[in-house]
Amino acid sequence: MDFKKSLSKQEETEEIKPIDDPFLITWDSPTDPKNPKNWPYSRRWIQLVIVSVFALLGPMASSMVAPCLDQIAERFHIENSTEKALILSIYLLVFAISPMISAPLSEIFGRRILLQTGNVIFIVFNMACGLAKTKAQMYIFRFLAGFGSATPMGLGSGTISDLFTPEERGRAVAVMSLAPLLGPTIGPVISGFIADYTTYKWIFWSTTIFSGFVFALSIPFLAETYPKTLLGRKARKLNKKENTLKFHTEWRLEHIPQHKLVTPALMRPLKMLTTQPVVILCAGYMAIQYGILYLVLTTYPVLWTHEYHQRPSIAGLHYIAPGLGLISGSQASGVFIDKTFRFLKNRNDGKMAPEFRVPVILLGTIFFPAGLFVYGWTAKYHTHWIGPDIGAAMFNVGLMLGWRGIQTYLIDTFIIYAASSTAVACCVRSLAAFGFPLFGQTLYDHLGYGWGNSLLGFIVLGSSIITCSVLWFGGKKLRAMSNMVVFKDE
């Protein structure tokens, strides 16, 4: 057990350390097959795909109601436009709360139990939405269903940190970050036909059936990946076998009752939100982009049904355009981010730095505003329908590029606390996704599609330039000011 070989130079919390403590429980060797980073490649990707599908369900269910809002409003006698928008937005509000709880708890109890528990909560209350008799019941059930479905939003980055080395994370983040962004574009395509040919209740029942199927798959195939949990189990097993309390991990948490760890863990994301400049900056960047995404997606049906006079089922097909943008951006950035990371690392004498993720964010800064400009002005002048769709695809390419860089930056910086850091970003961006759609239609009513989307484009451009500049030129200084950053500069 006396080795000095880090699985990644910077990930000190996972090193095999040459110390004389014979009771320290760590990985048996740098190639220990029980270490999730050493699992077969196929097994690691199975874990990632299952978690990604869990992460897809919530955002997909959130946006599926958009084409059916008129039908739901008529059923529950909702006439106020804000109350109507709340059917969609209240789901996103809880996205700001759930990851702040599930992510730190996963750093105590492990990833698997939190993911599956969240999915069960979603299944129960999403089904209840289809059975709701009053608008109050609908609001409450949507809130609770959102709470369960948002659990993977805070655990995805942590799972990537568990399974992949820094050199491998680009592609993994490509898949994981695609899921919560692709969900809002897939949902309305499906629900547009539901709105035309059946009742809104099938929105909830169809997603419940699909979620139940995914949960069934997770029982035999989803494994625990969190190193603290796995090594803690190993220490407790040896203590029980030897009837002693001497065996311990480097975190020395085995002998502390788990309930005493809950409060400090729950406070960690809040502490990051209030004391960590890196997290605050990244969360603000993601909030602006996610808020604008949901503003556009929730007003998308209005453009096609009211301005282009298309049926809901046909209007829903236009969500394919932003979906294609997300997929294209995911594929492009997955390759680009890993190649630029390796190139910059080699130029830096083999030393890595989270700032090597910034170039992909800068690339997104070009596509996102440009796409909003194209979308806005082609919609204003009622060009052929392909015009707004091209713009929507473009800004989603930019969104995916920027998100990829930010998410990987946080994973590289906080490593074992990656789940908590991205939970903060998820919280802030979800608040933006809740708030932005509430004034989206008002924005277009006053400024029109042209200047309305141009304003959004300028906001994205300014915030992106500020974020890239601060991270590239000041990221090292910001990390040095923090006592929560796990990454250590060489």
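Our numbering is plain: 1 for the first residue shown, then up by one each step along the chain.
Any Cβ shown, glycine's included, is placed from N, Cα and C.
If you look at the transmembrane segment (45-66), the same-chain residues 6 or more away from its ends with a CB under 8 A from one of its CBs are 36, 72, 87-88, 91-92, 95, 111, 115, 118-119, 122, 126, 145-146, 149-153, 155-156, 159-160, 163, 172, 175-176, 178-188, 190-191, 194, 200, 203-204, 207, 210-211, 214, 217-218, 221-223, 225, 294, 297-298, 300-301. The transmembrane segment annotation in TrEMBL covers 45-66 (among others).
Among the features that TrEMBL reports, domain 'Major facilitator superfamily (MFS) profile' is placed at 47-479. Mean pLDDT, taken over the domain 'Major facilitator superfamily (MFS) profile' (47-479), works out to 88 on the 0 to 100 scale.
Taken from TrEMBL, the feature transmembrane segment applies to 86-106 (among others). Within the same chain, residues 58, 61-63, 65-66, 69, 72-73, 78, 114, 118, 138-139, 142-148, 150-151, 153-155, 158, 226, 262, 265-270, 294, 298, 419-420, 422-424, 426-428, 430-431, 433-435, 437-438 sit at least 6 positions outside the transmembrane segment (86-106) and bring their C-beta atoms closer than 8 Å to a C-beta of that stretch.
Feature annotation from TrEMBL assigns transmembrane segment to 113-133 (among others). Same-chain residues lying 6 or more positions outside the transmembrane segment (113-133) and placing a CB less than 8 Å from one of its CB atoms are 51, 54, 57-58, 61, 98, 102, 105-106, 141-142, 144-145, 147-152, 155, 201-205, 207-208, 211-212, 214-215, 218-219, 222.
Per TrEMBL, the feature transmembrane segment maps to 172-190 (among others).
A Cβ distance under 8 Å defines the sequence-distant neighbours of the transmembrane segment (202-223), meaning residues of its chain 6+ beyond its ends; these are 36, 43, 46-47, 50-51, 53-54, 57, 60-61, 64-65, 68, 112, 115-116, 119-120, 122-123, 126-127, 129-130, 190-191, 194. According to TrEMBL, the feature transmembrane segment maps to 202-223 (among others).
Distant neighbours of the transmembrane segment (278-297): 63, 66, 92, 181, 184-185, 188, 272, 319, 322, 368, 372, 375, 392, 395-396, 399, 402-403, 406, 409-410, 413, 421, 424-425, 427-433, 435-437, 439-440, 443, 453, 456, 459-460, 463-464, 467, 470-471, 475, 478-479, 482, 485; these residues of the same chain sit at least 6 beyond its ends, with a Cβ under 8 Å from one of its Cβ atoms. Annotated transmembrane segment per TrEMBL: 278-297 (among others), in sequence order.
Annotation comment: TrEMBL describes 317-337 (among others) as transmembrane segment.
Beyond the ends of the transmembrane segment (358-379), by six or more residues, the same chain brings 289, 292, 296, 303, 307, 325, 329, 333, 336-337, 340, 344, 387-388, 390-406, 409, 449-454, 456-458, 460-461, 464-465, 467-468, 471-472, 475 to within a C-beta distance below 8 angstroms of the stretch. Taken from TrEMBL, the feature transmembrane segment applies to 358-379 (among others).
Residues or ranges marked as transmembrane segment by TrEMBL: 385-403 (among others).
Taken from TrEMBL, the feature transmembrane segment covers 415-439 (among others). Residues 10-11, 13-14, 82, 85, 88-90, 92-97, 99-100, 102-104, 106-107, 150, 153-161, 227-228, 268-269, 272-273, 276, 279, 282-284, 286-295, 298-299, 406-407, 484, 486-487 of the same chain, all 6+ positions outside the transmembrane segment (415-439), place their C-beta atoms under 8 angstroms from a C-beta of that stretch.
Here TrEMBL flags 451-474 (among others) as transmembrane segment. Sequence-distant contacts of the transmembrane segment (451-474) (same chain, at least 6 residues past either end, Cβ-Cβ under 8 Å): 278, 281-282, 284-285, 288-289, 292, 295-296, 354-355, 358, 361-362, 364-365, 368-370, 372-373, 375-377, 379, 398, 402, 406, 409, 443-444.
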| Residues of the same chain, at least six outside the transmembrane segment (385-403), with any C-beta under 8 angstroms of its C-beta? | 177-178, 181, 185, 285-286, 289, 293, 296, 300, 303-304, 308, 318, 321-326, 328-330, 332-333, 336, 360-361, 363-376, 378-379, 460, 464
